[in-house]
Amino acid sequence: MAGKARVHELAKELGVTSKEVLARLGEQGEFVKSASSTVEAPVARRLRESFGGNKPDAVKPAAGASNGAPAKPSAPGARPGPRPGPPAPAQPKEPPAPAAPAAAAPAPAAPAPPAAPPAPAASAAPPSAPEAPSARPTPGPRPGPGGPKPGAPKPAPRTPRVGNNPFSSQQPVERPAPRPQGPAGPGGPRPGPGAGGPRPGGGPRPGATPGNMPPRPVGGPRPGGGPRPGGGPRPGAGPRPTPGGAGRPGGGGGGNYRGGGAGGGGGAGGAAAGGFRGRPGGGGGRPGQRGGAAGAFGRPGGAPKRGRKSKRAKRAEYENMQAPVVGGVRLPHGNGETIRLARGASLSDFADKINANPASLVQALFNLGEMVTATQSVNDETLELLGGEMNYVVQVVSPEDEDRELLQSFDLSYGEDEGGEDDLEFRPPVVTVMGHVDHGKTRLLDTIRDATVREGEAGGITQHIGAYQVTVDLDGNERPITFIDTPGHEAFTAMRARGAKATDIAILVVAADDGVMPQTVEAVNHAQAADVPIVVAVNKIDKEGADPAKIRGQLTEYGLVPEEYGGDTMFVDISAKAGTNIEALLEAVVLTADASLDLRANPDMEAQGVAIEAHLDRGRGPVATVLIQRGTLRVGDSVVAGDAYGRVRRMVDEHGEDVEEALPSRPVQVIGFTSVPGAGDNFLVVDEDRIARQIADRRSARKRNALAARTRKRISLEDLDSALKETSQLNLILKGDNSGTVEALEEALLGIQVDDEVQLRVIDRGVGGVTETNVNLASASDAIIIGFNVRAEGKATELANREGVEIRYYSIIYQAIDEIESALKGMLKPIYEEKELGRAEIRAIFRSSKVGNIAGCLVQSGIMRRNAKARLLRDNVVVAQNLTVSSLKREKDDATEVREGYECGLTLTYNDIKEGDVIETYELVEKART
């Protein structure tokens, strides 16, 4: 059948139901939707082949029977020559087969009358039909032009016997090429049996064309191989040709020759069987051998594939069987291996690690109630949960480990001295002054270095870290000591923690008249967490009410036991203002350093340290205060600190003087960064600017991802409804004089406790004055600009006034926190509480066509007020609420309100009222938020 055929047409042709055809197509790997769908010609051919052996036609069963025998002989394809003789023994089941060889001779002589024999052959077919069933019907259906394609007789084939070959419709005519080959090679020897001559009769085989399909029934001739001498048997074996011709084009032809001869001479059924045996070379249509009709589009013939799956499909199916189902989506299944992910990683990063599709992970989380995108940063808990569902152990790499791996990728290391013991030299101790606000930390440092830094601090509160190196004369020896001053206000927790990590010894300043305060305890915790020795300075001993003994007792509770109490912590009573016992304090610091610390470093390596503070200077650009911990920093070095990099163009000490190099434990201001580094960032020297830039860029990307994962509020499906409601949001842009202050301010603001109705969002932060860029961003996002110790630059103020952008300036951090907290609370939706006005009982009801039911009431308590909110009670049960007193009259006059004890008439926005009902009126009063 040329062209496409519909499933129901094929079903009708094959005598089966459409469902069976659809099922068979499914087994063959073809996707067909319904009985009205069309299938390609090659698919239809394979379908007919698969149903051929099952057809009820008598002819086909015969073919099947004959096929059964050939199957075995086909294996010894090399023996086609001798075949003529053995057919009889080989086919014990079919006695007629032996006779076939004898009759082979006459067969060749009758090539011309092939047309006539078909009829008798058909009649002969029925007898053999019963035997066919026992044989394998499946191979039978495989037609193949190969067998009958003997060499010389090729031309004859052109006159095909349409009706002879029941399977001819499945044999493409293009088999001619192989036919010639058959005779060419093995064909020569095979003709020996004498069948070679008549073999040309095989020509009819080729005649088989797609259009011959209908003639299948006529295929009966197979059994009647006798009637058709030469070609008769051949066509009968037509279905078998698969093996003979295609399986071994050359030899196959010869084999078929012999078989043909043998079959031809024999009786109808026997001949067919014999013929098959004679040309089993084709393998009796075995799939292994490419015998039988050629497939469409040049595909080899052979048994139908029956929808066999490819190895790849089987492998995929097996893997899918092992895959867990999370949220209705199939995902890879791990073996408990550990997956390392950076903090703030996205689902795409996770998918790359486990070789999965990011869309599947997104769908899985969506079905589990989490709405995230493939590129959105995901928090650690979500990644661990998703990994656990797939049998993976997700390990979120800490920032320290991630940074270490980053440096290792550039063959760099941080935190260790290079060289041996001989390369280490003494370095000065680094001392951090810590304590509660206003306890005298900066005054103590001023007294030590004879400076007046305290007067420059707003409100007398230290706003950022200062690092200084002073030289102390102890017992005739000059000992340099580096001091780091930290702020004591509660908002500067992170800055105190950095100071503790960068120090060797901590001086804890406690006011003798104030005692241990919250920030005092916090400073103790920071120092103990960093394993830093503590020297306690009890300050303000000259003030009234000072009680140093009380301080010692309080600090004992926190593990700081004085030496006089049998502990190992040195306590020194001082007065920073009067300069009392300052020398004793410094001596205690040096003794502690010498006794418990190994203060050595290698000055010959490339410099490493920590950025204590950083700010943006109008004339000098980004300026970072760095503390060198090991190595020597020189002008011209390529440096990287956090996500900032650059080349050292200038270094300045605490006195404002330029220095060419800085040794370990020396604090200096470095100028030359391309951006402002963060306070507390690691600082190190690299070989090239290129390496510094690459490290900084990768740190910056990692920082953005981590920040996004921390600040982005995830919305679950359960919260979606409430999230879509209108919420108030206060956007802020923070600008400060240094990075540490900006960081502390941001942490304090984000920590303000307000209702979920209001959100605080810091959309930008930076160091330096307020610029026009900041104003434009604030205008576009309805943000407020907070300037801390900075002012607007150039035309920024004019632009802000024109755009209506609010800029607020602060110099004291807690003032900024208080005002912003008040602003947030002002954005909250007001809270209303109900205040009862009065109660009235309905004594009579008057009906009006204009206004509805009118209630005649007696005011029992309070007042009835027009347009007031009301509710209707019946037997002390609320019948209706959120009502309004539409009109109110006292006798015949309109009234605004009616007091207790008076009668009135009123109408409500509700008509189902009865006598005896009670009307309560009330008003909503806004309640101040606390």
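Including glycine, each Cβ sits where the backbone N, Cα and C put it.
Swiss-Prot assigns the feature region 'G1' to one of the listed ranges (331-338, 435-442), namely 435-442. Looking at 401-404, 485-488, 737-740, 833-836, the range annotated in Swiss-Prot as region 'G3' turns out to be 485-488. Looking at 420-424, 460-464, 655-659, 765-769, the range annotated in Swiss-Prot as region 'G2' turns out to be 460-464. Taking Swiss-Prot as the reference, the stretch among 539-542, 551-554, 563-566 described by the feature region 'G4' is residues 539-542. K441 (GTP binding site) falls within a helical segment according to DSSP. With DSSP classes pooled into helix, strand and coil, the tally for the region 'G4' (539-542) is 0 helix, 1 strand, 3 coil.
The secondary structure of G435 (GTP binding site), as reduced to three states from DSSP, is extended strand.
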